[in-house]
Structures are given as structure tokens and as C-alpha cells.
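**Student:** Can you keep this structure in mind? I'll have questions shortly.
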Amino acid sequence: MAKSLVLVLCLVTLAFASTVVADDPKALQDFCVADKASAVNVNGFTCKNPKDITADDFVFHGLDKAGNTTNPQGSNVTQVFVAQFPGLNTFGISMARIDYAPWGLNPPHIHPRATEILVVLEGTLEVGFVTSAPDLKLFRKVLYKGDVFIFPIGLIHFQRNIGYGNAVALASLSSQAPGVVPIAASVFGSNPPISDDVLAKAFQVDKKIVDQIQAKF
């Protein structure tokens, strides 16, 4: 499993790198390892002093480890974004491992700055995304081990394990910092909260129902 995971990870990353969306800061040198200790505020991260860079700056460990899926959603996302892997800075690409318990869900969410390509390593997943208004069309598919699916940038999408065993997927994204906007948590768990009057009218339900849902977040 570990060797096959590494192989798939490398192949998907290299394939996806050629289709990176040019939204991230472009590299003007060979590399720009993020200096997360810098107090300079820029769009992205400042560069670490090249004299202080070592081979360790270009390595991330841990994608062979299963994430903890003991939570209400039954899923876990191990992010490999620039915040976790400073060596990605200015390269316009990142990755994630998603683990799913039986019937676990990676709930509907958006990546505002990235297209995502996902490959199933183990299990069977129901996946889908919804197009923008006015069509709001759902594109849904059941994926099996070895299948690949793409989620366009900025569109609501989800994955659900529809098998009785654990499932694992690997995703590559076209940004070093793709961002994650979870739909339910953003709407019902914002800080400060959105008025229950607003949500009750938007969802055309009683305010008591909105209050009950907000209490879960």
C-alpha cells in the first residue's frame, strides 16, 4: 500500500502540474521556500534565505498514515498545502489525502482558488459537483479504485464512501493555498452568526429549525 501510494502520488502530481491555473504568485527563481517566520505581509509568503535552505525543505512526510475518521462526518483530510509544506511556495500546486470511514462523508465544500483532481486509492466513492446558477446541474459519479475525477475551481463538490470498508483518496489542487469553504459550517457556523431571520427566509423553514442547526456548529 505504501509503495503504491507514493507511486500514484508522484504520477498525479506530475500530470496535474502541467495544468496549473495561473492564479498563484509565479516563481521568478528556481524556488522560493516559504519563510513562515517572516513578519512581512505579502500575497503568499516571502522567501526563506537560500543559504538556509536544505533538502528537508522539499520533503513532506506522513501521507502514508491514515487520518482519524472518528468524527460526525466520518472523514479526515490531511492537507499538504503551503502552510504545511513551505517548499510548495510559488509552485501553484498542493495535495491532500482524504480518509473515509464506512459511509463517511467529505461534506459539500468549495476551493475558491483551485481546481481539484482526485484519484481513488481504496474503496468506492460517490462524488459530485454542482454547476453555478441558473443551471445548478449536479454531475455525480460512482468511483472505484484507480478512478480519477475532476472538480472545477470554485464549484460545490463532495465525496462519500458508499462501501462497508474504509476508503482512501488522493487529491491534487492547482494552488499552493486552495482554500476550503465548507458550505454547512460557513452558513450555519459563521462568527458572528448569520441572522436566523436571514437563513429562515433563504431556506424557507421555521427559525426554530435554523436555531437547531446552528447549535450543532
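Glycine is treated like the rest: Cβ placed from N, Cα and C.
The model shown is predicted, which means the values in this text are computed figures rather than measured ones.
If you look up TrEMBL, you'll see 1-17 marked as signal peptide. Summarising the annotation, TrEMBL assigns disulfide bond to Cys32-Cys47. TrEMBL lists 61-211 with the feature domain 'Cupin type-1'. Annotation source TrEMBL lists oxalate binding site at Asn106, His111, Glu116. Marked as Mn(2+) binding site by TrEMBL: His109, His111, Glu116, His157.
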**Student:** How big is the gap, in Å, between the Cα of Glu116 (oxalate binding site) and that of His157 (Mn(2+) binding site), rounded to a whole number?
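**Tutor:** That separation, Cα to Cα, works out to 10 Å.
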**Student:** 10 Å Cβ neighbour count around Glu116 (oxalate binding site)?
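**Tutor:** Its Cβ shell of radius 10 Å holds 23 other Cβ atoms.
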**Student:** Specify the count of other C-beta atoms within 10 Å of the C-beta of Asn106 (oxalate binding site).
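**Tutor:** Within a 10 Å radius of the Cβ of Asn106 (oxalate binding site) lie 25 other Cβ atoms.
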**Student:** For a quick check of packing: other C-beta atoms within 10 Å of the C-beta of Cys47 (disulfide bond), how many?
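**Tutor:** Cβ-Cβ neighbours of Cys47 (disulfide bond) within 10 Å number 20.
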**Student:** Which Cβ among the binding-site residues (His109, His111) has the fewest C-beta neighbours inside 10 Å?
**Tutor:** His109
**Student:** Which ones, of the recorded positions Cys32, Cys47, His157, have a Cα no more than 10 Å from the Cα of His111 (oxalate binding site)?
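**Tutor:** His157, listed in sequence order.
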**Student:** Could you round the CA separation between Cys47 (disulfide bond) and His109 (Mn(2+) binding site) to a whole angstrom and send it over?
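**Tutor:** Counting only the Cα atoms, the answer is 31 Å.
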